[in-house]
Structure formats: structure tokens, C-alpha cells
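Colleague: Grabbed the feature section from TrEMBL, which reads as follows:
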- 6-328: domain 'FAD/NAD(P)-binding' (DOMAIN)
- 44-49: disulfide bond (DISULFID)
- 53, 116, 144, 145, 146, 313, 319, 320, 321, 322: FAD binding site (BINDING)
- 181, 182, 183, 184, 185, 186, 187, 188, 204, 273: NAD(+) binding site (BINDING)
- 347-456: domain 'Pyridine nucleotide-disulphide oxidoreductase dimerisation' (DOMAIN)
- 445: active site, proton acceptor (ACT_SITE)
Ligand code: FAD
Ligand code: NAI
């Protein structure tokens, strides 16, 4: 057993952990990052954000080549080579995870391979195939992330009944795939396999998709995705999934009337949410306060035990990579004597379907419920010249601003490059800006961002192109 002395040992090398490690090292803290999966980058780089975006991109190109190239005067038939597509995705992941390893080395962070646990404050025990070691440290940061929430009674095998991890590596395109849960994973990975030729049915417990999103934007999303071929069964719960040979027999029940339906499909994706992952850390024994498995922290990310901090998916808040990164930076800046800060009111959320769905701030429903008087400005991409030239005219920009001060309170975009367009709104909102500020800012022509400007003009009923 060997010993070392660190200022900070981080358990978990995902976007929360590795970014915190780099920032801590920049601030002069002697830092180690412990990761058990064998590669850095966490869920996000290995089995989350990045492989899903690689497949979303590839499958979008396939649909373009199949269905849209001809209208541009580009002719010829294309066929799918799934193995190559999956291989490309794996290479993207491999390059990115190695990139993170390089960054840790460059910043002189010790990357310790193995599974960490906390026998007591000030010590991290790391177990790997090479043996065990104790890392002595002033502070410990837990960044162990999350895992897929299981659906009781339905066992996943990552081949026929899969979580998002299995859905990133299916060996062939299913004829019929059922996605349980019309959330972010269901819509993104459902889109991938639907574009590649599967019939995709999304079964959702609630009577709407993407719960929590601005309702009008959610309805538009359902309409556009429906046009692309995704079928939705809303207000339904799956009660059983039985494997029968190479098929899965699904039994579901309508939530209101209890009417039972059966479906025989090839693949089932269970995507009903994610839960904090803290197994094996020894937190119960240490007395770290948790609520339903989620580590409880104060405003400086400190747990109920001195010297132990936590960030990212394993603490409360949206389970997003950029939120985990912001947590990590704010936490270690505070540890280094600076003033770390995260504005949780303005964490953007993007669903990378086609078109993308991007939102920040309050929905119309939330403003109504809070009794806030607001103005709405909307602008459709069908009236934006660049979107028309691209043949991407589905969707709209919607801006909600305070009726008295005009301060922007929420922005909801469904349309081409919505995720990138949203950044302008997030920056304006971070500075407490108004719709008028966006409306009076010069936007280049012809640009998709002109739709954001026009929506801001529409708040004051003076949009030009509609
Ligand atoms: P994680 O990324 O989960 O990293 C935690 C790491 O800790 C893991 O590598 C794990 O192996 C390691 N670990 C756990 N316990 C131990 C231990 N005891 N010892 C050592 N190591 C340990 N978010 C977005 O913002 N945008 C997206 O487009 C997006 N797409 C997604 C797509 C999918 C399919 C999924 C599943 C998630 C997606 N997410 C996305 C969510 C995003 O992946 C997470 O919010 C993010 O990874 C959380 O970062 P984290 O550092 O908190 O945890
Ligand atoms: P989610 O919380 O987004 O959606 C889960 C959906 O399943 C909800 O609509 C819920 O009502 C429904 N549901 C719950 N129980 C059900 C049941 N028994 N039967 C039918 N439907 C049921 O969760 P998801 O899609 O699994 O994603 C997990 C998290 O991963 C997201 O919340 C997000 O934080 C992160 N993520 C982010 C992405 C992005 O930023 N682009 C992409 C993918 C994941």
C-alpha cells in the first residue's frame, strides 16, 4: 500500500471531475483524479453526449442523402453501412477521451486508474487490478455522476432491452423499436434509429413529450418529430417486457382508463431518467447526508462532512454536462480562496433532434404560475431567408420578456442550429438584458440569428419580415 499527499483528490473523471481537476491544478492545488472505467470523460464522452451526437450527425447525413439531396440536384442512391457508422462513433469517443487524458497530463493532474472509496475524511482508497493505494488529501471532491434509472420488473440486457448505452451500439437496425420515455434520450436516440430505418414508437407515461419544457415548444417538437415518422403513445405505461426468442413482447396500459395493449418489437430502449451514482463510496458509513440517493450539498458544494465536496449529476440540479462543469469550476475556485458562482436560473438545455430544441429561463407556464406579467415575441424560421435557402424552415424562436422592464425571462427555440442560437440569449440574460437590447443589436445577413432578432422585435410588435 503506497501513500501520497494531495490538496484535492477528485473521484470521477467525467465533465464535472476532469474539468474541476484542470481548474484546481491551474489554481496551484496538487490534484489527483481517480477514474474506474479505464478512460476519462465520464458518461458524457464515453456513453452519453458525444457518441449520441456522433450518431445523430451520421444518421442526419444519411437522411439528407436519401431524401433531400435530390432537391439540390444531387442524384444517386445511398446505402447504410452501420458497422462503419458505429466505428466512426467509437473513434470520435476514443479521440476525445484520449484528449482529456492529454489535458490532465499537460496540467500536471495525477490520473489514478481505479475505483475510489472514502474510508475517512482526508483519505481516498483506490482499488484496481494492480492493487490498492491510499491517497492522503486535504479535500475530497465526489464527481461520480449518474446511471440509467431502471424500470421495475424490466431487466435490461443491452441487446434486446437496452439503456442508452446499448442503444449506442445496436448491431443491426431494428425493424420495430419501442422507446419508453419521451424525454431527451428517448427523442435523440429514437431519432437516430428511426432515421436509419426502424419504426420507432415512443411510449410516455405523461400526456406530453419533454415534460417541463415550454408547452408550445413541446407541442411543435411533437408535430415535427411525428412528421419524421416517430409514433407517440402518450398517457401509457409499460407494465411488462418479456423476451420471446429474438422479439420482445411488451404489455402496456393506458394511465387513465387502464386499457391494456400488447406490442411485439425487436428492441426496447428504457429511457425514463437517470439517478445519482454513489455506490461503493462508503458515504452511509461516513454519515454524508443524502436524499433518495442524491448527495446533499451547501452553496459551496460542501457535503455534511467537513473536507468532502460533491458536484455534477450526483448532486441536485439538471443532469447536464455543462452544469457539472460549472459546478466543478465554482467548487474548486472556492476551495482555492476565490468566489465561485453558478447561475442555476440560466442553465441552457438543448435536445439535439432535427430540428434542435433549445431553451433557457422560464417557460410561459412557469411565468403564469408565478403571476409574472410578460410579453411574447415569436418569429418562424419559415420567414427567415437563410433557413429558407437551407430548406430548414420548421420551427420558431420565442422570447418571453417582463411586461414592465422588458428584461428577457425565457427563450425557447425549435429550429436549425437552435442550440447555437440560444447562446446569444443566454449571454443577454446573464447580463440582465432586455428584448430591446437584442432587437437593437446588428445581426449579420443572411443569418439564422436574424430570427432571434426578429422575435425580439416581435415582443414590441415591430418584426419586419412577418
Ligand atoms: P459522469 O459523466 O457520469 O462521470 C462520472 C464518472 O465517475 C464516470 O466516468 C464513472 O466511471 C466515475 N466513477 C463513478 N464512481 C467512481 C468511483 N467510486 N471511483 C472512480 N470513478 C468513479 N448532457 C449534456 O449536457 N448534453 C448532452 O448532449 C448530453 N447527452 C447525453 C446523452 C446520453 C445518452 C446520456 C446518458 C447523457 C447525456 N448527457 C448530456 C448527460 C451528461 O452525460 C451528464 O450530465 C454528465 O456526464 C455528468 O457529468 P458528471 O461528471 O457529473 O458525471
Ligand atoms: P428524462 O427525464 O429526460 O425523460 C424521461 C421521460 O420518461 C419523461 O418524459 C418521463 O415522464 C418518462 N417516464 C418516466 N417513467 C416512465 C414510465 N414508467 N413509462 C413511460 N414513461 C416514463 O430522462 P432521459 O431521457 O432518460 O434522460 C436522462 C437525463 O440525461 C436527462 O434528464 C438529461 O439530463 C440527460 N441528457 C441530456 C441530453 C442533452 O442535453 N441533449 C441528452 C440525453 C440525456
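Placed from the backbone N, Cα and C atoms, the Cβ positions cover glycine too.
A TrEMBL annotation is a machine prediction, not a hand-curated record.
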Colleague: Mean pLDDT, the domain 'Pyridine nucleotide-disulphide oxidoreductase dimerisation' (347-456)?
Modeller: 98
Colleague: List those of the binding-site residues 181, 183, 187, 204 whose Cβ lies under 6 Å from any atom of ligand 1, in sequence order, or write none if there are none.
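Modeller: Qualifying residues: none.
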Colleague: Hey, of the recorded positions listed (49, 187), which one tops the CB count within 10 A?
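Modeller: It comes out as 187.
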Colleague: Could you give the number of helix, strand and coil residues in the domain 'Pyridine nucleotide-disulphide oxidoreductase dimerisation' (347-456) as assigned by DSSP?
Modeller: 41 helix, 33 strand, 36 coil
Colleague: Using C-alpha atoms, which one of the recorded positions 183, 185, 187, 445 comes nearest to residue 144 (FAD binding site)?
Modeller: 185
Colleague: What Cα-Cα separation, expressed in whole Å, is found between residue 146 (FAD binding site) and residue 44 (disulfide bond)?
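Modeller: About 10 Å separate the Cα atoms of these two residues.
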Colleague: So which other residues, same chain and not among 181, 182, 183, 184, 185, 186, 187, 188, 204, 273, have a Cβ within 8 Å of the centroid of the Cβ atoms at the NAD(+) site?
Modeller: 179, 190, 202, 209, 210, 271, 272
Colleague: According to DSSP, which kind of secondary structure is residue 53 (FAD binding site) found in, if we only use helix, strand and coil?
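Modeller: Once the DSSP labels are grouped into three classes, residue 53 (FAD binding site) ends up as helix.
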Colleague: May I ask which of the binding-site residues 146, 181, 183, 204, 319 have a CB within less than 6 Å of any atom of ligand 2, listed in sequence order?
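Modeller: Among the binding-site residues listed, those whose Cβ sits under 6 Å from ligand 2 are 181, 183, 204, 319.
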Colleague: Distance check, please: Cα of residue 445 (active site, proton acceptor) against Cα of residue 53 (FAD binding site), rounded to an integer number of angstrom.
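Modeller: Spelling it out, the Cα of residue 445 (active site, proton acceptor) and the Cα of residue 53 (FAD binding site) are 28 Å apart.
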Colleague: Record lists 53, 116, 144, 145, 146, 313, 319, 320, 321, 322 as binding FAD; longest Cα-Cα distance in Å?
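Modeller: 30 Å is the greatest Cα spacing among the residues binding FAD.
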Colleague: Among 181, 183, 185, 204, these being the binding-site residues, pick the one whose CA is nearest to that of residue 53 (FAD binding site).
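Modeller: Given the candidates 181, 183, 185, 204, the nearest one is 185.
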Colleague: Which of 53, 445 has the fewest nearby Cβ atoms, counting only those within 10 Å, among these recorded positions?
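Modeller: Relative to the other recorded positions in 53, 445, 445 has the fewest Cβ atoms within 10 Å.
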Colleague: Let's check the environment of residue 204 (NAD(+) binding site): how many other CB atoms sit within 10 Å of its CB?
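Modeller: Total other Cβ atoms inside 10 Å, all chains included: 24.
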